[in-house]
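Take a look at the structure set out below.
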Amino acid sequence: MEATEQEDHIADAGEFVAPPNGGVNELLDMGEDNIILYFLCFFLPHAQYNEEEEERKYYRRKRLGVIKNVVAASLGAMMVYSVYMGLLQMQLILHYDMTYREVKYSNLGLEDIDRKMLMGINVTPIIGLLYTPVLIRFFGTKWIMFLASGIYALFVSTNYWERYYTLVPSAVAIGVAIVPLWASLGNYITRMAQQYYEYANYKEEHVQERKKLPKGACHSYIIIFQSVFYLIFNLSLVFAELPMRLVLNSHLHENKYILANVKVCGKNIRGMIPGFNTTVLTNLPHSMLLIKVESVLMGFAFLAMIIFLVLCGPAYRPTEEIDLRSIGWGNIFQLPFKHLRDYRLRLLCPFFIYSGLEVLFAITGFSLSYGVCILGLKKLWLLIVVYGLSSSVFSSLSLFLLRLPRWLCLVGGAAVHAVLIIALLAFSSKPDQPQYLGPLLVISVLWGLGTALNKTGVSILLGMLYAEEKERLDFIYTIYHWWQAIAIFIVYLWSGLPMRAKLSILLATLLLSCYCYCVMERRMAKKVQHRLPRIPRPRHKVKGYRYLEEDNSDESDSEKSGEEENDENIEEMPSADGEEEEQDAGTEGADSPRVWRRGARGQQHRWEDGHLQGAEEEEKQVVE
């Protein structure tokens, strides 16, 4: 009665005031059906909400994210190697000069430090096959790229204080990081191609059910992404010459002084450049200038680390990474060796070795024994820049593989290099001959063409052969770059050989590579069955809320089908529908419309099952 009198009094005053607890009273007056309708108006989709359009926008954002990942990984790798090669070149030239060694580091023995530093960089990667898969599975592909770029930044930082205990350990660390970095990069680019295919074809049944991709489904994306990667990465050779061109070039002696004791150049050389003057600097660069250069390089090294950390997304979903490392560390250690049973990999090993030999020969053998010996040290930067630009621009030629057969890229690059090697075997000259600048630049351009076709061709071929085997990619690229590490070691050993012997080794390796590749393609055309080792089933530890259930929610359908084909005696663990839906929802992303529908249906089914079970138990109790 008091509340009624108060409301009448307020109404008489001509004012509107909400009654006490008006919202609660309004809900209490509503019936049960009206309350349900009242809440559904907030949870049901808006009348203008277009579910298919929102889903299309979501996967378009995902595809743009994949493109961002590819460009970021390419830029990060390009920056890392620009800094590394530019600093190493400047450091070796300064340490080679006798005046620089005696004035600044008279008792330090820089020559011995440089020899041991190069030994650490060139010899250490030989053991990369033993630890690379374990590191990639333990840290993850993205984090290996980040940590390896940090090791290169550490190498830059040690040049602030040039001592044996700073330079040599950092060089050994770089040797340790070379194979993991490149295996992670190759794996990452191929995984991005697979992800782009999944986001572009998200309505396909095999994509929604996480089954193995159809054969050849993502080949076009592999070709495009590998071409983009090498187009950007090969620019590292261009930017690496900036310290040489902007800082050291003005401090170098003229050719007549540097090449005074050199007798012959080209095919008749033994070693690098016999008779090359040990004093190449007219005056020493100021220490403050060198510190500024190293600080700029250090800044770009940190920028590369930030790019890998912030801009590069993960290569695998969280559940996939858990499965990859749950097969047992002993199996992870053995699987790279077992993959060599595949005749495709065995027959490609000579091409892997040649891929490393030809790049190092272009940078060291051709550039020094032909370029510097004939044109002088001041033209070294020009030869390297032309070679880097050529290999970068011609990397786009691999896009023709979208319409042409895949063998054309490798065979075309091999043909170009074979002609150039034969020409170099016949080329000899006296030192300080500037009229040969044009022919040497043409050779640099053509060698860059062969390098571009070779590098992109091998990476694309591996991606095509193992595109549907995403759990094997890290092993495949580890084997590839480990053989390239063997090539680095071979180049380190042959530094004292005659130039004819080096070119003969190159030509023999190239011919053997082409023969083995033709044998591989012929076997594949005849559909000879290749032998792949079986990936063990993930063994999850019963820790955490994810694995307390009886079934394995992280097992994908592709693994199930693969195990049923390989071993019918293995009993598959059942997987509840609810947990599969939760896994799909977690991996696709919380903002996906498809995930929202699946999650809502899953929650509704579980809620109904729970109530039905409770009602049955109550009936049993009443009957009893």
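A Cβ is built for glycine as well, from the same backbone N, Cα and C atoms used for every other residue.
Some features that TrEMBL has for this protein:
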- 595-604: compositional bias 'Basic residues' (COMPBIAS)
- 615-624: compositional bias 'Acidic residues' (COMPBIAS)
- 546-624: region 'Disordered' (REGION)
- 66-87: transmembrane segment (TRANSMEM)
- 117-136: transmembrane segment (TRANSMEM)
- 143-161: transmembrane segment (TRANSMEM)
- 167-189: transmembrane segment (TRANSMEM)
- 220-240: transmembrane segment (TRANSMEM)
- 296-316: transmembrane segment (TRANSMEM)
- 347-368: transmembrane segment (TRANSMEM)
- 380-402: transmembrane segment (TRANSMEM)
- 407-428: transmembrane segment (TRANSMEM)
- 440-467: transmembrane segment (TRANSMEM)
- 479-497: transmembrane segment (TRANSMEM)
- 503-520: transmembrane segment (TRANSMEM)
Criterion met for the transmembrane segment (143-161) and the transmembrane segment (66-87) (at least three Cβ pairs under 8 Å): yes
Sequence-remote partners of the transmembrane segment (347-368) [C-beta within less than 8 Å, at least six residues beyond its ends]: 237, 272-273, 380, 383-384, 387, 410, 417, 424, 443-444, 447-448, 450-451, 454-455, 458, 461-462, 479-480, 483-488, 490-491, 499, 502, 505-506, 509-510, 512-513, 516-517, 519-520, 523
Beyond the flanks of the transmembrane segment (117-136) by 6 or more, those residues with Cβ under 8 Å of it: 144, 167-169, 171-172, 174-176, 178-180, 183-184, 187, 329, 332-333, 335-337, 474-475, 478-479, 481-482, 485-486, 488-489, 491-492
The transmembrane segment (407-428) touching the transmembrane segment (296-316) per 3+ Cβ pairs under 8 Å rule: no
Positions whose Cβ lies under 8 angstroms from the transmembrane segment (220-240), at least six residues beyond its ends: 70-71, 73-75, 77-86, 89, 185, 189-190, 192-194, 196-197, 363, 384-385, 387-389, 391-393, 395-396, 398-399, 401-402, 448, 451-452, 455-456, 459-460, 463-464, 467
Surrounding residues of the transmembrane segment (66-87) on its own chain - C-beta under 8 Å, 6+ positions past either end: 145, 148-149, 152-153, 155-156, 159, 174, 181, 185, 188-189, 192, 195-196, 199, 225, 228-229, 231-233, 235-237, 239-244, 294, 297-298, 300-301, 303-305, 307-308, 311-313
Contact between the transmembrane segment (503-520) and the transmembrane segment (407-428) (3 or more Cβ pairs under 8 Å, separation 6+): yes
Top Cβ-contact partner of the transmembrane segment (407-428) among 167-189, 440-467, 479-497 (pairs under 8 Å): 440-467
Same-chain residues at least 6 beyond the ends of the transmembrane segment (440-467) whose Cβ lies under 8 Å from its Cβ atoms: 186, 189-190, 193-194, 213, 216-219, 222-223, 226-227, 229-230, 234, 344, 348, 351-352, 354-355, 358-359, 362, 366, 370-371, 374-375, 382-383, 386-395, 397-398, 401, 406, 409-410, 412-414, 416-417, 420, 423-424, 473, 476-477, 480
Long-range neighbours of the transmembrane segment (479-497), counting only residues six or more past its ends (CB under 8 A): 118-119, 122-123, 125-126, 128-129, 132, 178-179, 182-183, 186, 270-272, 336, 339-340, 345, 348-349, 352-357, 360-361, 364, 458, 462, 505
